[in-house]
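Per TrEMBL, the features are:
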type	residues	note
DOMAIN	19-68	domain 'Galactokinase N-terminal'
DOMAIN	109-195	domain 'GHMP kinase N-terminal'
DOMAIN	294-367	domain 'GHMP kinase C-terminal'
Amino acid sequence: MESPSGPEQGSLLAAARGAYRTFFGGLDPQIAVSAPGRVNLIGEHTDYNQGFVLPMALQMGTMVVGSPREDGIISIVTTAQGADEPKKVTFPGPMEGATLEPGEPRWANYVKGVIQHYQAGPLPGFNAVIASNVPLGGGLSSSASLEVATYTFLQQLCPDNGDPVTKALVCQKAEHTFAMMPCGIMDQFISVMGKEGHALLIDCRSLETFLVPLDDPDVVVLITNSNVRHTLTGSEYPTRRRQCEEAAKVLGKESLREATMADLEASKALLSELVYRRARHVIGEIERTSRASEALQSKDYKRFGQLMVESHNSLRDDYDVSCPELDELVSFALEIPGVYGSRMTGGGFGGCTVTLLESGVAEKVQKHIKVCDIDTEQCLSQWGGQSSG
Ligand code: ADP
Ligand code: MG
């Protein structure tokens, strides 16, 4: 049995194995794999515009445990409270000649999509249990960690060529075609390629990745969960994507990655005020992310923090994807000296904020945010302490 390591992984593994025994006749699973969630430090809504993103993998992740079965049938259970019912699904797999389709429950589509698009075969049937400690829908990418953990599980059953880019792209395709979410490539890339003690600069145009060390004991990344999820997200994300495509078209560019602020200003009269603001966020954010990556390389945390705040303001004012709870969490964090910067992270409309701070003030910031009476759930992540799956 391949055993994922780390303290958090240990309890997740125990929970997954326990559930497996309960659901599958008291047997122990033969395979256990995991993939991490992520926090995006900067570069929001830039991935589907071919820009830069700078996420890092978290210790929180999704685990899949299971065993092959000979009849070609696939049976999967999720232990996640937040997933829709039923929590167990059983269906004929590819070995039975079945073509999988998206359907109900919705959570299973993330798994089915990966199975359907997996390129090696024939895949045997299997029993599996999914256990995760990434909050579902909290902007820390529970969905990609589920897809990538599923893919890693399939690799154990039926090895493919092991190419990490293919792996990330297949997982993204699963999210597009089965979860109907037209996401960019960031979440799947970082979940596959994240490395302990590093952030990952991803060039979403060339698909090149650059590890940026994040191993300074004097600095902490604090993730704060607003615990709110505004339901408009479903339609808002594709709408933003369309607005960006429209802006690029008017500017005569393949994507907003190719456009400069000067290009945007020159075409301002041809764009609606709304589309102009959307494009201004994206073009500015791509530039900020590349500068932030340089600041991080040179350990210029002050500069990095300023760029985070600029990013938040742009997401709030130009991209309209923040919400009062996220804005408040950011303002509270910025009230404490020693905080370099703070911003919403993930798609928006709720979810989490990410804050960069001196490690000496970490406790103070956590207490301050709690005192400010927001129902929060904090996760403190010391740089250098993250693990990949
Ligand atoms: P995020 O990726 O930011 O957490 P998404 O809306 O993209 O938010 O994905 C959340 C969805 O992914 C959940 O509603 C559920 O359908 C699915 N999901 C994620 N993790 C699990 C899990 N452990 N078990 C079942 N479904 C999961
Ligand atoms: Mg997601």
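Every residue, even glycine, has its Cβ placed from backbone N, Cα and C.
For the domain 'GHMP kinase N-terminal' (109-195), DSSP puts the residue distribution at 47 helix, 8 strand, 32 coil. Sorting the domain 'GHMP kinase C-terminal' (294-367) by DSSP state (H, G, I as helix; E, B as strand; all else coil) yields 41 helix, 16 strand, 17 coil.
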